[in-house]
Amino acid sequence: MDFSSFVASQLNAGTIWPEGIIIITLMVILIGDLIVGRSSKTWLPYVAIAGLLAAVVALYFEWDNPNTLSFLGAFNGDNLSIVFRAIVALSTTVTILMSVRYVEQSGTSLAEFIAIMLTATLGGMFLSGANELVMIFISLEMLSISSYLMTGYMKRDSRSNEAALKYLLIGASSSAIFLYGVSLLYGLSGGETTLDAIAAKITNVNGGQSLGLAIALVFVIAGIAFKISAVPFHQWTPDVYEGSPTPVVAFLSVGSKAAGFALAIRLLVTAFALVSEQWHFIFTALAILSMVLGNVVALAQTSMKRMLAYSSIGQAGFVMIGLTANSDAGYSSMIFYLLIYLFMNLGAFICIILFALRTGTDQISEYSGLYQKDPLLTLGLSICLLSLGGIPPLAGFFGKIYLFWAGWQSGLYGLVLLGLVTSVISIYYYIRVVKMMVVKEPQDMSESVKNYPEIRWNLPGMRPLQVGLVLSVIATSLAGILSNPLFNLATDSVTSTPILQSAVISTQISQADK
């Protein structure tokens, strides 16, 4: 084997060709905007969507790739990463559909907004498969810094500027905390950077039992908990969600959160296998706090965006049940729930954007009587909210059933019962909005609904919103009825990933010893 063949085999760059497609798309958008100018806004969004969908198709052809490691082990393109990378790419696709009209109306550059969003997407996709400390941190910062820029993109809006500053300050602090935990891992392993090598070296040093490893675990979990909005690292979420542009909030609630969970699985299962019981205990506590606080505080909210912020905190708590179960069923149900959460949550945000574009408000009380003026929007928002609440036969019901069943099988009886109780609480504040929209008496309509403008889908940027809404509602409805194919996909991604199988077997052995 000559030198060039050896280098090519070690780099294995074909593993990241989905990301390569997005990089090319990003360059086309930047160059097209420079050459054509602001008139490019008529076609650039569709170029971005085409590139993202091409990347998803490329991910499909990467499935069951026998040679998953690339760049000297820095990136792992296994089936687990493929699913999470697809979730990030699809969330960006729907977010761009909902952004066109919103950004145009704000008077800011659409091309720059899409370019920043594609950069965040690249960060999230690389983070989903990162298998080395430097790769993890660079991907995390790529996602985070792009998110800060998008949060403050509406420069004329003081709330957007405030949200960006809060997000930047708290996000920078969490990155520093995470980096400190990662640096401890680097030192404990004797200078190793790939996760597999770190796990092997730590095992050989005092059997892996050291105060340094425990401290590293705490700092790393703090950084991850910030990214997934887990209590008590959630303080930024309500203010940032309320003040940020709504399409950005939609991306943060799905794409960024999915990348955070992908990081949690790969880093904790591989590098912290020796302290598995400890990090499972910590995530159990985080799940309890997130489910209780997220769903209880959401009851008192008057803003739709703020209500969905606390809802997303509660939803993160539900997903953590699958993580703490540490079984094939647990990881599969976790991935399945994130797949359906993608459509039901983004569908809800599309409805919020449509209502805000027509009325200029996101106050829950202003939705009163909406059914009489806009039945399509009422139907779409009702389906998405009821699915988030777990009402059968919508997708959210089956997602929660799978999560709770996986937790019950793993002996997490208290956690599952608490999940059921908080899920019932969440149904109340979702149904409250639905009930408000379908009031029949004209005198009960809000002022915003009484002055509701004529529905015109032929305005610039409205067709993409309509397409996004229809796709999200159909996916939310059908994913519940046809949940088996999606769950089989999630199961295949888990059973074909060696690190998860090793973790599950280790748990079974330790339980048998007890």
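Glycine is treated like the rest: Cβ placed from N, Cα and C.
Per Swiss-Prot, these features apply:
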type	residues	note
TRANSMEM	16-36	transmembrane segment
TRANSMEM	43-63	transmembrane segment
TRANSMEM	80-100	transmembrane segment
TRANSMEM	110-130	transmembrane segment
TRANSMEM	168-188	transmembrane segment
TRANSMEM	211-231	transmembrane segment
TRANSMEM	245-265	transmembrane segment
TRANSMEM	307-327	transmembrane segment
TRANSMEM	335-355	transmembrane segment
TRANSMEM	379-399	transmembrane segment
TRANSMEM	411-431	transmembrane segment
TRANSMEM	467-487	transmembrane segment
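Taking residue pairs at least 6 apart in sequence, the transmembrane segment (307-327) and the transmembrane segment (211-231) share three or more C-beta contacts under 8 angstroms. Two recorded stretches are said to be in contact when at least 3 C-beta pairs lie under 8 angstroms, sequence spacing 6 or more; the transmembrane segment (379-399) and the transmembrane segment (467-487) meet this definition. The transmembrane segment (245-265) shares more Cβ pairs under 8 Å with 80-100 than with any other stretch in the list 16-36, 80-100, 307-327, 411-431, 467-487.
If you count C-beta pairs under 8 angstroms between the transmembrane segment (307-327) and each of 16-36, 80-100, 335-355, 411-431, 467-487, the highest count goes to 411-431. Long-range contacts of the transmembrane segment (80-100) within the same chain, counting only residues at least 6 positions beyond its ends with a Cβ under 8 Å from a Cβ of the stretch, are 18-19, 22, 41, 45, 48-49, 52-53, 55-56, 59, 62-63, 110, 113-114, 117-118, 120-121, 124-125, 128-129, 246-247, 250-251, 254-255, 258-259, 261-262, 265-266, 335, 338-339, 342-343, 346, 349-350, 353, 460-461, 464-465, 467-468, 471-472, 489-490, 493-494, 497, 499-500.
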